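Feature annotations, courtesy of Swiss-Prot:
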type    : residues : note
BINDING : 9-39     : FAD binding site
MOD_RES : LYS126   : N6-acetyllysine
MOD_RES : LYS287   : N6-acetyllysine
MOD_RES : CYS319   : S-8alpha-FAD cysteine
Amino acid sequence: MAAQTDFWDAIVIGAGIQGCFTAYHLAKHSKSVLLLEQFFLPHSRGSSHGQSRIIRKAYPEDFYTMMMKECYQTWAQLEREAGTQLHRQTELLLLGTKENPGLKTIQATLSRQGIDHEYLSSVDLKQRFPNIRFTRGEVGLLDKTGGVLYADKALRALQHIICQLGGTVCDGEKVVEIRPGLPVTVKTTLKSYQANSLVITAGPWTNRLLHPLGIELPLQTLRINVCYWREKVPGSYGVSQAFPCILGLDLAPHHIYGLPASEYPGLMKICYHHGDNVDPEERDCPKTFSDIQDVQILCHFVRDHLPGLRAEPDIMERCMYTNTPDEHFILDCHPKYDNIVIGAGFSGHGFKLAPVVGKILYELSMKLPPSYDLAPFRMSRFSTLSKAHL
């Protein structure tokens, strides 16, 4: 770590993927940056841990697809800088009924943005993917750019490069107080720091930090069951067999997504894009009825559509989502203190977009014009935003 005083150009709270990319962009631009993390690294308490995430350009909204174009470039740049593979192209298969409006919207977005994709009829699907069973006349959309990000490796690479660039990462330091002003003061369990600007990327702990600053965002913290299902024939749903990532759009009340067997030999990762509302400090409490219901939905999906997998998960892990009502991010400055920047509400789809999110948060913290239109991400879009203390 570089030797620094306790005064910084910027302090970033939260060393998940969004905070790491924010600190990365700050350090890249020769800013003195302190990245604070309440837990000792690595940890599995938040939203950025685990071996894999889906990367894709397939979105209903043009603005995400446009952001993803730059994200792919930055992910590739990070791979070169780290000297290690962080991404594998597998393609992404989106599944839905022929009438599904979401599938049509995504196809239109990919066409407008010039993204390589392919529409697959029911007949095409059965020929192309014999190890998937199609029971409802499903059609498919293949995002040729889709693939897998190696999440834990990416976090380690970023934290290492931040330090190489002169930034400082302090883990095991929980923030206990933020005093607004110029400079802003951040007090942790160990000491106090000051900076010209502060970026808060604290995931499910965001509102705990914001409440004393007079605002509360409409964030729902969800506990997600991350399930791994054993192949009956090893390798049949693996990366080596060119099996794609999958995203089921209307095969359950919420999306179901799957990643080819990779991190656990012979186990495919399949998850339900929903969970039950829990406090992040209580995520390890006994399972609720909602948990059981979520896993039952996945069991039915696997039994109906993936006959080459055992019908019950072999491994179940936990992850946290922090959702906004519209499932779009919050990237904005505090309405009263413009040197406090907030990145929150990544709603279970933020990891792949972190290279551009970090760039935007860096720009906001340095009072630079943002590279993208931030209208979809302003906190003012929520009428329920509490400003009781402003």
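The backbone N, Cα and C atoms fix where each Cβ goes, glycine too.
Ranked by CA distance from CYS319 (S-8alpha-FAD cysteine), the binding-site residues ASP9, ILE13, ILE17, GLU37 have ILE17 at the top as the closest. Put simply, LYS126 (N6-acetyllysine) is 56 Å from ASP9 (FAD binding site) when counted between their Cα atoms. DSSP assigns HIS29 (FAD binding site) to coil, not to a helix or a strand. According to DSSP, ILE13 (FAD binding site) sits within a strand segment. Separation of the C-alpha atoms of ILE13 (FAD binding site) and LYS126 (N6-acetyllysine): 48 Å, rounded to the nearest whole number.
Ranking the recorded positions ILE17, CYS319 by the number of CB atoms within 10 A of their own CB puts ILE17 at the top.
Counting other C-beta atoms within 10 Å of each candidate's C-beta, the binding-site residues ASP9, GLU37 are led by GLU37. Neighbour counts of Cβ atoms within 10 Å were taken for the binding-site residues ILE13, VAL33; the minimum is at ILE13. In terms of local Cβ density within 10 Å, HIS25 ranks first among the recorded positions HIS25, HIS29, LYS126. Put simply, GLU37 (FAD binding site) is 47 Å from LYS126 (N6-acetyllysine) when counted between their Cα atoms.
Listed in sequence order, LEU158, ALA354, PRO355, VAL357, GLY358, LYS359 are the same-chain residues at least 6 apart in sequence whose CB falls under 8 Å from the CB of PHE21 (FAD binding site).
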